[in-house]
Amino acid sequence: MAQRDLKFTRNIGIAAHIDAGKTTTTERILYYTGISHKIGEVHDGAATMDWMEQEQERGITITSAATHCKWMYRDQEFTVNIIDTPGHVDFTVEVERSLRVLDGVVALFSAVDGVEPQSETVWRQADKYRVPRLGFVNKMDRQGADFFNVCRQVREMLGGNPVPLQVPIGDEIDFKGVVDLISKKAIIWNDEDHGMTYDTIEIPEELLDDVNKYRAELVEAVAEYDEALMEKFFEDESSITEDEIIAALRAATIDMSIIPMMCGSAFKNKGVQAMLDAVMRYLPSPADVEAIEGTNPDTGEEESRKPHVDSPFAALAFKIATDPFVGRLAFFRAYSGTLDAGSYVLNVRSGKKERISRIYQMHSNKQEPIDSIEAGDIGAAVGFKDIKTGDTLTDMKHPIVLESMSFPAPVIGIAVEPKTKADVEKMGMALGKLAEEDPTFTVKTDENSGQTIISGMGELHLEIIIDRMKREFKVEVNVGEPQVEYKETITKSADHREVYKKQSGGRGKFADIVFEMGPIDEDFEGTGLQFVDVIKGGRIPKEFVPSVEKGFKEAMKNGPLAGFTMDSLKVTLKDGSFHPVDSDQLSFELAAKMGYKDAAKKAGAVILEPIMKVEVVTPEENMGDIVGDLNRRRGQVNNMSDRSGAKVIKAEVPLSEMFGYVTTLRTLSSGRATSTMEFSHYAETPSNISEEVIKAAKGAANE
């Protein structure tokens, strides 16, 4: 097999905030590069890259799908490995793993929303691994789209040096093309063929001033980086050629001194091919990346491996996945040398040799078997007996340990228990496999309750783990789902008479009660039913009175508003009558149940919700944001104090507002604040919240 020239390989990731259009952009790339003949839409659940069922249902990307495609640029075929990374903060681990093995990133921004929190997180992660970037401002066809505003945010919020390479033609819904500032040509895409073709036209007159201004800025930015160009720039700016600009821009991008910025609308098929051209033009190939550093495990000395097929083999496993057809798949990036299917490698962590039975190139979750993999490529292999994320795989005779990856600790936990005896063993195995795949997911046993507690990076993360246990491992579990237990109570007194009569030949039914319903007395201890019998003169025989009390107690299990348990209730039985033949205990019990329903409606029933005591420990600079967030959650801040250099905020917040709080707190404080929460008391919900709760409860009851 002829050796491929590494110059024509690109390992790139597409990274951004959730909903900036990452998966749609990747789908367009696959369409234009000929891998996919039908464009998959995320909102249809048909996107090729979102291969897990959960992803197609939720319209978000959870696992980094790896895909391989080809692209022609300047009559040269390039090989591109693309990793589509998730943008949800719960799945930061996937982004971290991907960036570790990529050579370049297309940082995607929404033209409307600009730099969002996850864009910032991904940006910092890319800085950590020194990954060069190209900016693509997507959704240019949307209302409020502003390309240059996003460029400004990249400078101000991310500290990058964004340099626009294009000026958009047309605003929002009229967005139809761009002016290329390097070639000074205007490009208009044709809608008839999904933007496959475009027309080159003269620059619209109204854009000439903008084009000249931004082109001058581009040339100046590039000249600042390249001394030879700087001299030309001062002597005669017009003598700088297109190729010189491209060469200097490429060097500056790889050096992370400049972020080339482009724009388009992936959904409307505009701008994706130009972005692909820019990937080939400006982002590094494996050959541009310096030799990878590592440690020789035998000598402890630092060593480096050049990205060349003649060097000894070295690779890093960056993801382990369980595939239903081929078993355990290890995704890895080959940094040096060649690996043939059927050969042996050394896993430096375990010290064991492993036989690689098959090597695959991945297209989302479909595998294409290949004979060998070379330096600079990304692939997946099966046959490993013991492999973990971050393991180094090397030539048997030339071991090297590459820098592994570090992952954050989990932040949220829930209890799970198997539904049946048959599920017990399967659950242990499934959780073990899932923990093997995902370093931010942990499993432990609670010492007090003996329950299995699973922990992860957020509620969504754990939902998906439970879903995968069911779908992939056929394990049914009961989950300690954090759900709010609302209650109901009444706020005023109401008098009511209930007569229960049933005559249907033979012996009938009869009961007649007169009672007052109201809130419990202040000195009544506890909750539940306060029942007072004030009947005089045997109007209701004594043996029937306990049945009336029993009827009310039973009825309190269902509140009149939404069917929640009634927290407390006082019933005073005042009067009534009975029939010597037809009255019995059941008749009086039913009369109480029926009377309760009508009386409770008249007695001003309200919804109660659990209020939690919350304590947050935070650095001072985040305190304002955190207090503001607690107020937005209907929280009441009771106390603020100092504790060993940090601020402590004590508040009471409704439990219903606290779901997802750990994740928000992590975002607000960049992971530096911590919180604890415990139950305090029940309190009445505001009317707007009550309406929502009642509506939701009735909706659930009707399903």
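Here the Cβ of each residue, glycine as well, is placed from N, Cα and C on the backbone.
For reference, Swiss-Prot has these:
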{"type": "BINDING", "residues": "16-23, 84-88, 138-141", "note": "GTP binding site"}
{"type": "DOMAIN", "residues": "7-287", "note": "domain 'tr-type G'"}
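Annotated features, which come from Swiss-Prot, shown on the structure.
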residue : record           : Cβ within 10 Å
Ala16   : GTP binding site : 26
Thr85   : GTP binding site : 28
Met140  : GTP binding site : 27
